[in-house]
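What Swiss-Prot annotates here:
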type     : residues                               : note
BINDING  : G38, C39, Q40, S41, T42, G43, K44, S45 : GTP binding site
COILED   : 298-321                                : coiled coil
DOMAIN   : 28-260                                 : domain 'GB1/RHD3-type G'
TOPO_DOM : 1-737                                  : topological domain 'Cytoplasmic'
TOPO_DOM : 783-815                                : topological domain 'Cytoplasmic'
TRANSMEM : 738-758                                : transmembrane segment
TRANSMEM : 762-782                                : transmembrane segment
Amino acid sequence: MRQIIDYDCNFKEEVGEVLKDISTSQNTLGFNVISILGCQSTGKSTLLNALFDTHFKVLDKLTSGYCQTTKGLWLGCGTESFNSPILIWDVEGTDSLERGEDRATFENRAALFSLAVSDCMILNIPLMNLTTYSSSNFGLLKTILNSWFSLKLDQNGITRGNIRKTTLLFAVRDITINDNDEMLGRKVVQILDLLWRQVAESQNSLGNQIPASFSDIFEVKVYGIPSLPNDYDGFKQVVAAIRYDLTTSILPKDYTRRIPLEGLEMYCKTVWKCIVDCQELNIPSQIKLVSRFRCEQAKDDILDGYKKSIKDLQKKMEKREFGFNEFSDCTLLVLENSLAAYFEVASKYDHEMSTNSSISLLVFIFHEFQNAVNSRMSLERQDLRQYTNILDYYKKGIEDHQVQYDKENNEESHYVSFDSSSWVNKELLKFDSLSLKWKTEFPSVISRQHLISPIKEKCIPDILNEISLSSQGKEVFLATYNTQEQRKLLSETLEIHSKKIYEKLVEEFFESLIKDILKEISPLLGDHFLSDPKLKLDDFWELTGSSIVNIHRLLVSKYEQQWITLFKNSNMNEFTSSGLEEEIALQLVLKFIQLIQQQSKYFHINIVDRFKNEFELDQDGVPRQWIGEDAKTMKELFIKAKNNSLQITNVFYPRKDQLIPLSGRFSNLFDKIIENSEDLSGIIALNKGHGNGKFLDSVPLISESNLKEIESKASQEITSIFSKAQLIQSTGRQPQNIPWWIYLLIIILGFDEITYVLTSPVLVTLLLLLASFIYSYLTGNFSSFCNYSQQFVIISTKILHYISGAIHSSLDNRK
């Protein structure tokens, strides 16, 4: 026996200590709860001990007299002659002198608590008080009837017959031989009818729905019990009859509040707390509250037990140790065992609460399964994204097509193209097909508990992809998992690869195009310009324009089909916005401009060559002999050849129509050339800044400063050539040849080394001084060092002057 609620209304958490005496499983509804109410010192505890073989403390008149024995609420367990455990609440007696005027508060709380937790309430009433109001506790009974409405027990279906009604067992004590149960029953019912009419009137004014009679909400049993001291045998006989009726008809098979034995302590605690805190005591809500708590607790216990199994599954998936069948078998086993363990506990609680918690359990488990599948699909995604041979595949398709095209030259051609969308979708289809093979079979308990629809609502599409019914051999539900996160990553990777493939193909296309352009335009400057000194600039630009047009037509014909094939399914708008013809025209002119600009670095050589061809050769191409030539004629010839050769620098300042022979076909071609050539745009901007430039009406390909530098270099060499011609004309002979010993010295030491030393007289002198110092140091004759040093300086100066003059003279002659 344990005191659960003490004298000061504090709930002591010792219900579990009482339940330890029960040998049956704690997860059961197969028990009943009985409470007893009545006035103090009327034998309540004695009756309980006789009925249930309990050991509640009873009144000892000899030692303590008539006083309060039971304080608060005590709980005991009785199993004697009962098929299932009986939990008995021995409630402190009412109308006690010890509590005084505050007794009503505790009495009402105790009565309401007893009504909330009991299958059967025993009302212990002495026969002599049956016709009184206060002593018979009928005032308290009226409170109980009123409290029934606040408990909202009708929401559990009591008035509809779905759940057994609470039994009010009236134990009328100390009856005589003239009193019988029938007479006592009529009296009790008469009193109850009177009380019910009063309660119904007050509840009707509050708007509550009133049952027709108290019998709609309570079962009433009345037993007359003889006095134990006066009629021991009669007392025992009636007690045995009550016990028999309790076992066979009064007590239900299961606890009417649908709370398993293990959840009873929490239920009683929350009920008492609501009563003490003066909160609304809604019994269905309290039942749901306890059910929710215990079901969530059971769910957490299940998850704690299966976390290791789930983690092992995830590790095996990450290590590729599980195939499709192993994954399906393992997940089915986890679901079967976890749900079986869960419903073993939760099935005893409120169905709605147990279902909700089971859905929460399944959502967590499916989410962990999804993580395992995503981990595995991450590895598969990394395998699928290795596309190093895609570009080779594309090229091979082009080559195969070319072979087929050669065989069917007269038939309509079918060109292979790289379709980005088709390729990406094809690879994603492989991923989806693989993802759908990771399936989980639902155990039969999911169907029995009608959980398919809630699972679909909670898990699709975030966790599960779909739930399908398979009819192969047996009807089972199969779930596949949402792998959109990995699919999205793969799609992004594919898009990047696709773009890289196009970029590579475009790069190779333009590399091939530029290579052919350079190959075709390179001879233009040599053939038309360098080899023919008589060619005029207008003729040069006419021939060059004609060649560029022909090259353009040739390249368009060559690359047209490749262009169409490459960009047919491309989203690269920066390339497809302009047509092939305009693109080739743009690249042709740009590369030709670059070629001319590159020639500018050595263009003074071209000017000198043209000068030589005109100045040193006659009309028949025979070298001129300047000996005896008239000086005036030589000068006129020199001026003419020089002016003619320097005029070719105008090639760097052509007109727009000369530079762009295709401008008539492409109106905005010049603007694109300026846009794509930073050097050209900078030169144009620079020349516009010089208002006195002589080529403002032309397209400048080089700056004026570079042009002046070219003319200066060419003029120097032209002047040197003319000077040598004058020397020959005046002396009648060629410049002196190089001495033999100079050649020998060049062979032994090297021309570059000798030139470097000779162009540095100070270095030669320092070397000679160093040699004389070393000699003097070794011999100890430092006076000779000073003499030798002076002589070396004088001799080296003379020798260097002579050798330098000879070499420069010979080199000038070779030029």
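Glycine is treated like the rest: Cβ placed from N, Cα and C.
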Give the sequence-ordered set of same-chain residues, not counting G38, C39, Q40, S41, T42, G43, K44, S45, with Cβ within 8 Å of the centre of the Cβ atoms defining the GTP site.
L59, G93, N124
Check S45 (GTP binding site) against DSSP and tell me helix, strand or coil, would you?
helix
Can you name the residues of this chain that are 6 or more positions from K44 (GTP binding site) yet have a C-beta less than 8 Å from its C-beta?
I36, L37, G38, T70, D90, V91, G93, I122, N124
According to DSSP, collapsed to three classes, what secondary structure does C39 (GTP binding site) have?
strand
Enumerate same-chain residues with a sequence separation of six or more from G43 (GTP binding site) and a Cβ-Cβ distance below 8 A; give 'none' if the list is empty.
V58, L59, N124, R173, L228
Sparsest Cβ surroundings (other CB atoms within 10 Å) among the binding-site residues S41, T42, S45:
S41
Using a 10 Å cut-off, grab the number of neighbouring Cβ atoms around the Cβ of C39 (GTP binding site), all chains included.
20
When a 10 Å sphere is centred on the Cβ of Q40 (GTP binding site), how many other Cβ atoms does it contain?
20
